[in-house]
């Protein structure tokens, strides 16, 4: 009798996971996360941090291509909480994207179980809290998606694999920064930089001499591009946000907001300790922090001057960005070579031009794209679309090109059709570097240059081996162009990765629509979906 009850429970669990959109032929990985406040001291001053299972940064997620990730999140904060998954494409499943346009926040004292799949992905990513400026308090962590055992990887297995979560940091608590933005002011200059939640020399990576290690470096900061380097060691770039790259060697790497790079470093120097350096880029004052690379047989601490790096040089960074190329012969998540997808030979459906600006509206600082400054609705847009709730948003409220008129507030949503192949041009006329992320997608960065983009700019595109990624920079008074196949139905956030600019309106949603209304194109609403705003009181589905 007991065995039959256990069997029935197992069948019920598998049925529940199946209707959530995960796949029974791929392994499951289960996580339970408790979100709490806690005291942290990253810059030597006590702050209120947001911890996951008592950790700052949060726990690492390890998965293999196509694994199903079942993540139960319990919110013990005094305010709603959301987690998003930077770079995970959520194939056919924007329900789980974890931004307010798709997903209701978890109320205080409640829990929600995310059901994700690392579908057809490999590489290095991170997760972060996407609501109420919680990102300034922690609750971020690394994601590593490993290749399946029989899929060739274009480098030997390293001796170890390190996650490096770096970025700028403020001593002020997140709610103080949020109130500052709500009052119409921008953030002040950051107070410092962190490496894995620690300040100066606060974190140590221990290595064996003569061995090669992989470092996955993410810029999880709020406002600042960074440069990464290791004293006395060169770095071989092997992967960028899920794309295997040509294995160029660099002494220093620029990593813009929201971006992730993966490098191999061989421990071929004299046995001692070395500085790992992160410094700010394109800032009026250079911030610097360090961690320690410790050879296991070292009897000597770090010494000598901290290695210098680039500071405000745009051309240096632009040339480096152009040098990052796709490895055409390497396999991605599947055994076929990455270069078998000839993105440069596909006809463009249309061109979308997005221009950022920093208007003042009613005496308050706002940020905008094509003169539209995004304001969140009272209901997640994905739920409003599913339940056909009127008055939440209007399709077409996001222009597809700049009009250079006065800025205005709008819950902006751009309409797009499934299987379009679009060209998007990010035009930046401001004096600061922009960084843009697109949820649900990987895109090809075909070109970037100074000045105004024109159709003639296409003659300078890389249509053969540019890298595919989910976050790209746009240099001051410059443009960046991408190609993107709209092969993922859903409601997807396009945003600035500068978190103050995102919070104050530099974002919108792209609704990729299929008329088929088929599970082949999009998974159904999760049975456990939280319903808030005007969706409260409605029903998801029986199974």
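Glycine residues also receive a Cβ, built from the backbone N, Cα and C atoms like all the rest.
According to DSSP, the domain 'Plastocyanin-like' (35-148) comprises 7 helix, 52 strand, 55 coil. Among the features that TrEMBL reports, domain 'Plastocyanin-like' is placed at 35-148 (among others).
For the domain 'Plastocyanin-like' (161-298), the number of residues in each DSSP class (helix H, G, I; strand E, B; coil) is 9 helix, 71 strand, 58 coil. Here TrEMBL flags 161-298 (among others) as domain 'Plastocyanin-like'.
Regional average pLDDT for the domain 'Plastocyanin-like' (379-515) in the model is 98. Annotation source TrEMBL lists domain 'Plastocyanin-like' at 379-515 (among others).
According to TrEMBL, the signal peptide annotation covers 1-24.
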